[in-house]
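**Student:** Grabbed the feature section from TrEMBL, which reads as follows:
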- A:97-303: domain 'ABC transmembrane type-1' (DOMAIN)
- A:103-124: transmembrane segment (TRANSMEM)
- A:136-158: transmembrane segment (TRANSMEM)
- A:178-196: transmembrane segment (TRANSMEM)
- A:242-264: transmembrane segment (TRANSMEM)
- A:284-307: transmembrane segment (TRANSMEM)
Amino acid sequence: MRLFLWWLRRAVSAVATLAGVSILVFLALRAMPGGFAETILGPFASAEQQRELAERYGLDDSAFVQYWRWLQAAIGGDFGTSMISREPVASELGARLPVTGQLAVMAVLTALFIGVPLGVLTALRARPDGGGALGRLVSGLGVSLPEFVLGSIVVFVFSRYALGLSVGGYVPFADDPAGNLTAMILPAAVLSVFAISATARTTRDAVLNVLVEPYVTAAVARGESPAFIIRHHILRNAATPVVVLLSTITAYLLGGAIIVEYLFNLPGIGSYVVQAVGRRDYAVVQAGVLLAATVFIALNVIADLVVGLIDPRLGVTAEGRSM
Amino acid sequence: MSGARPGDVSGDGTSGGGAPATYPSTSEERRGVRMRIAHLTGWLRRLDWLSRCGLFCLLVLVLAALGSMVNLGGDPAEIAGGRLQPPGPDHWLGTDNLGRSLLPRLLEGIGVTLLLSSIAVLVTAVLSTALGIVAGYLGGMVNNLVMRVVELLYAFPSIVLAILVAAVVGPGRPAAMAAIVLVTIPLMTRLVRTASTSVAQRDYVTSAVVSGVRLPRILIRHVLPNVAGTIAVQGTYALSVGILVEGGLSFLGFGVQPPQASLGVLIQEGGVYMVAAPWLIITPGVVLILAILSINVVGDGLRDRLEPRETRSLR
Amino acid sequence: MTPLMEADDLAVDYQAPGRRVRALDGVDLTVARGETVGIVGESGSGKSTLGSAIGRLLSQNAQLSHGALTIDGESLFDLSAVQMRRVRREKLGFVFQDPIGSLDPTKRVGAQLRLALRGRGASLDVTGQLERVRLADPRRIARAYPHQLSGGMAQRVAIAMAMATEPELLVADEPTAALDSQVRDDVSTMIFALAAEAGTSILWLSHDLAAVGRRCGRVAVMYGGRVVEDGPASEVLARPAHPYTHALANSAPASAAPGERLQPVPGRPPVLTGPSPGCAFADRCGFAIERCRSERPRPVRIKAQSVLCHRAEELAGSAALAVHGVGSAVATTPPVPLGGDRS
């Protein structure tokens, strides 16, 4: 019951945040320089044209009515049409989603399988006397390598020297699995450098926190081996912050692989949105941002679900955790 | 503890013996400043070598930025030589596609990036501190309201939020600054709030409330000093995020606009001529990485100092 | 015959950045088979460090400065990790202060009890083990998560884990401090009963002199990282031979006669940064003389007790160390310094 109430509250808060996000995005669109009419018609349109447009789109209605109309359309999957391609934004985004999705999944899986063990190992080797500075340097380096620097260098190296992996030349996985992978490995690798380091750092922190818990001391006192304690007592207890981080990273990659997609010329959502900003194609920007935020919120809720499965105390200490 | 907290032992140089105990006199104020300096050097001494290296790197970068203001290394806009020349005695870091020398451009870029990010983070720090302390101390409705807004901003992946800002404000420095502020506010506000909540429950705050001290004074005299550590640590991390956001946004062409240089702009320009002139991207790239790394390392060091943690082995 | 546990001039330091704290400053203590020993001291006296040292459970910033600690003749600090694990499994049992924290929050009680019993010859009958620690409705408790238990229940589970293997020495670090006063007695009684049944020696760490005195055969009082008085419980309680024990006995609520004012031990326990030059209690002691500050006291025998005090013999002859409410006819006046300078 308590858990159910917790879930209810969580769901309500997610919906509320989503509503807030939609309002923010809607207002952002209205606040565009020049306003909607100028955006559509260009700065040199006559007053007549502008009035006609305002009538057609109901721009003279109150902001609330406009928002409501826009929201209804958006919930129905209608995000308007791209002013550049004249295609419905929803279908264009849909076509690009698999690319971004594949990229995110590849990077997150890498982070999971490399970052988590790395974090556990470095936590177990941590010393109180500030040794481990070298480890801190390496992990710090990982989160300090911006994608646009690392990506640029990778693009340079691999386009200059034939090293077997191609830059660009994306083909859908269904058409040519091998070709798809050779095109995707590099961008996924660039993305995963940050993901691995962030995962390793969070895992290390979480494990260090669990290591000093009394139940770990109790297990050591019972004469359990390190491997046993890690497997039975540490991994699950340290998992919560890691799960939350992985969901954040996934969301970030799904909405924000922008720079890598742009650099590697991948037809994903990110590069689409960047182009759209450059061309002032606001319907696209709006839909892309809304999509990213929605994915983020949804993944957060999923992470909470998973955390609920991991830690039975959830619902009891929910108040402390939810903020 | 011997000597580890220099504030405790710096009473030796106090001028005059008869300073009244209750109200700060000028000599006591002076002593306060001296103690604060002693405190600072004590902090430095207690940071480990890695954090000290980080601080040193930052110092060098700041000096470089200051140097750019007096056109150290030349005028960044001047066409100084041939195009795309490799580093050499005339142009230590080579020249770009227009024949501008990279060194002054790099210095200018460091200055622009650092200044822009610092101002933005300062704004974040002030806003976050105010919001976080008030929300954490008062709790209730105020807390709910502030946290809702913060959660709203948090729902946007950082670069997406930055791009949205650029789309609304239009590309340029204001966009970059606004983006940094909006990206860094949520986390900092959250953490300041959490810290304030726990401070608000301590005895000395309760006793201040009971003895009728007014709210602003409680917040400034009692709560603020106790969350200052959190603000310092989060401030350093926010600065590295700020540099990252400025770089990313300028790289995509929505931040600082050429011909003005920023590290992001230089990397973007360098990327175009990467094959012919790799130094154009490598140098600013390395500087950017170094800046972010130094800040993160200093932040880690600060955090380890503020929250020293026990470790244990499983053996 | 070798004693079950022996600490010989054991000194342990904690190293923090720019700072070193001495937690144990030369502890001498033995525990014989089947004996129940209470270690009494304020927080900071080093008793918990001693308890952790026995299982080699010290945190990583702790360093053995000198001395030795042996279990059954094996020197703990010379053992390999594997050997140490064997000693822990076969000879030692631990019960800690925080009962709920000592259990893994993500595992059901039954599951973690089974994990703890696996592969060490103990009965795998979880319900039976829970019944042994007198938990009503063991089946329901086996299905519960630790946070759903009360402190008393959780401590019984922890005791079941520690005692299932019938260890030779049970180290109990303030095991009832976090419990309600009503369950406190039940839990203590149960631990001593289980230990007596299994022939387990007990090392009971506590700050409550009177409670320890009631249950343990022997009491060792710790102060400033040393055992300052060690002897039969009844003797130490009734006729303390060390000024600190005396102060402690007088500060315990149980020892006060109705209407009598409790005397807290004045001052705070010391934080040592290295070996204490003299007696660590000198600054708080009403009987301290110059020698107490400059020369480390060596153990002297006063009747059945072994005492670390330069003036023990002298004080034993006077009535200065009588305990209120026990020998109250003798000394109702506060102890008067017998000389020595207190600046």
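Indices start at 1 and increase along the chain as displayed.
Note: Cβ is positioned from N, Cα and C throughout, glycine not excepted.
In terms of burial and nearby residues, how do these features look in this structure?
**Tutor:** The list of residues near the transmembrane segment (A:136-158) in space but at least 6 beyond its ends in sequence, with Cβ under 8 angstroms from a Cβ of it, reads 122, 165-167, 186-187, 189-191, 193-194, 196-198, 200-201, 204, 259-260, 263-264.
Cβ atoms under 8 Å from those of the transmembrane segment (A:242-264) belong to residues 99-101, 103-104, 107-108, 111-112, 116, 119, 147-148, 151-152, 155, 167-168, 183, 186-187, 190-191, 195, 198-199, 202-203, 206, 270-271, 273-274, 288-289, 291-293, 295-296, 299-300, 302-303, 306-307, 310 of the same chain, restricted to positions at least 6 beyond its ends.
Long-range Cβ contacts of the transmembrane segment (A:284-307) within its own chain (Cβ-Cβ under 8 Å, at least 6 residues beyond either end) map to 10-11, 14, 17-18, 21-22, 25-26, 28-29, 74, 79-80, 82, 84, 89-90, 92-93, 240, 243-244, 246-248, 250-252, 254-256, 269, 272-273, 276-277, 314, 321.
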**Student:** Determine which residues of the chain contact the transmembrane segment (A:178-196) at the Cβ level, with the cut-off under 8 Å and only residues 6 or more beyond its ends counted.
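**Tutor:** Tertiary neighbours of the transmembrane segment (A:178-196) are 102-104, 106-108, 110-111, 114-115, 118, 142-143, 145, 147, 150-151, 154-155, 158, 164-172, 249, 253, 257, 260-261, 263-264, 266.
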